[in-house]
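Below: one structure, written as structure tokens.
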Amino acid sequence: MSAHETTPTATHDSAFLRACRREPVPHTPVWFMRQAGRSLPEYRKVREGIPMLESCMRPELVTEITLQPVRRHNVDAAIYFSDIVVPLKAIGIDLDIKPGVGPVVENPIRTRADLAQLRDLTPEDVSYVTEAIGLLTRELGATPLIGFAGAPFTLASYLVEGGPSRTYENAKAMMYGDPELWADLLDRLAEITGAFLKVQIEAGASAVQLFDSWVGALAPADYRRSVMPASAKVFKAVEGYGVPRIHFGVGTGELLGLMGEAGADVVGVDWRVPLDEAARRVGPGKALQGNLDPTVLFSSTEAVETKTQEVLDAAAGLEGHVFNLGHGVMPNTDPDSLTRLVDYVHTRTAR
Ligand code: CP3
């Protein structure tokens, strides 16, 4: 056991961390992917006139935005406000986040020479992250802070395509056509991602989530051969901290077992696979996170409660369950429906 694991902290006995460790909980913990963001009027107000990437580099603003959903919804964990492309920007990649579009990369990575764009990340490159997490953990007290990063495949999908894609044709062309270049690209990204997660943990993050949002585009055999080694390297880099490692992707029903095997302690599940079935696919020894369809929140309170109860019933036999949506909060979601949802889960699972 490392020193990190024996040091008692204010967050150690939180419902969220207990559920991640598959220990008994006073209630099922809840947080939402994208809980900070455009669904909140107070977010839209503080972001006015400040571009997304710039807002990620201002520690006071990051702190305020990260705390907004904790104050409003009574969620069991905060997620650090940032974006998956922040570490890439920090090492000098020319990219921007275009409103309504997503990350756009000026010079896509398509050849071996392009790999030179990807240098190692040092803590000094992201000193604003260390500073913001210091401010945040002081404000949060016993509420855990989740750090995060984009997984190598999802980062590569933006870097190779040059922006969001539905088909990943350039990324897949490299993966199938030049497997050595692809492996080297993913390995570079694994180094950068591992270093970025270490910065967040050393600054005080209580858990980390690796977002492989778009990896559901791959067949299991291709995932195992061409992606899993890089994701495993990221998890390995932060193994010694004793901090729970969550792994999430969309449309990953066929990959859940492999994503757990890559080194996750908690496997995130989208809304397409019920949690009892997901548990069979993942196997013993891991907690699950999920998985209410985020669009359910656009229906009546009664319908939200019915669908939420279905998730809780499917989770009843799990070793550990962190309640979440099956993907991020959609910008047009009524924030009051999220507050009611947190309360519903807490009340129904109180023990
Ligand atoms: O509250 C939280 O969950 C933390 C904040 C967070 C953001 N991005 C803020 C953000 C997190 C965890 C991310 C991760 C992220 N970014 C992922 C993985 C999670 C997922 O959704 O699967 C991905 C794929 C990205 C890339 C990205 N960045 C997209 C697709 C977009 C949306 C573009 C748009 O405008 O619709 C972004 C921009 C972004 N990241 C916004 C926020 C709040 C919106 C920008 C804004 O508010 O102006």
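Any Cβ shown, glycine's included, is placed from N, Cα and C.
TrEMBL lists ARG34, GLN35, ALA36, GLY37, ARG38, ASP83, TYR158, SER213, HIS327 with the feature substrate binding site. The feature domain 'Uroporphyrinogen decarboxylase (URO-D)' is assigned by TrEMBL to 29-38, 146-162. Residues or ranges marked as site 'Transition state stabilizer' by TrEMBL: ASP83.
Overlay of TrEMBL annotations on the structure.
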{"residue": "ARG34", "record": "substrate binding site", "CB count, 10 Å": "17"}
{"residue": "ALA36", "record": "substrate binding site", "CB count, 10 Å": "23"}
{"residue": "ARG38", "record": "substrate binding site", "CB count, 10 Å": "15"}
{"residue": "ASP83", "record": "site 'Transition state stabilizer'", "CB count, 10 Å": "17"}
{"residue": "TYR158", "record": "substrate binding site", "CB count, 10 Å": "25"}
{"residue": "HIS327", "record": "substrate binding site", "CB count, 10 Å": "23"}
Recorded positions close to ligand 1 - of ARG34, ALA36, ARG38, ASP83, TYR158, only those whose C-beta is under 6 Å away:
ARG34, ALA36, ARG38, ASP83
Per DSSP, what is the residue count of the domain 'Uroporphyrinogen decarboxylase (URO-D)' (29-38) in each of helix, strand and coil?
0 helix, 1 strand, 9 coil
Using Cβ atoms and a strict cutoff of less than 8 Å, what residues sit near the domain 'Uroporphyrinogen decarboxylase (URO-D)' (146-162) while being 6 or more residues removed from its termini?
31, 77-80, 82, 84-85, 87-88, 93, 95, 102-106, 108-110, 133, 168-171, 174, 182, 185-187, 189-190, 193, 196-197, 200-201, 205-215, 218, 227, 230-231, 234, 246-247, 249
Could you tell me how many residues in the domain 'Uroporphyrinogen decarboxylase (URO-D)' (146-162) are helical, how many are strand and how many are coil under DSSP?
10 helix, 5 strand, 2 coil
Using the alpha carbons only, what distance in Å do you get between ALA36 (substrate binding site) and ASP83 (site 'Transition state stabilizer') once rounded?
11
Quick check for the class: what is the C-alpha distance, in angstrom and rounded, between HIS327 (substrate binding site) and ASP83 (site 'Transition state stabilizer')?
15
Can you tell me how spread out the substrate site is, meaning the largest CA to CA distance among ARG34, GLN35, ALA36, GLY37, ARG38, ASP83, TYR158, SER213, HIS327, in Å?
23
Between TYR158 (substrate binding site) and ASP83 (site 'Transition state stabilizer'), how far is it from one CA atom to the other, in Å?
13
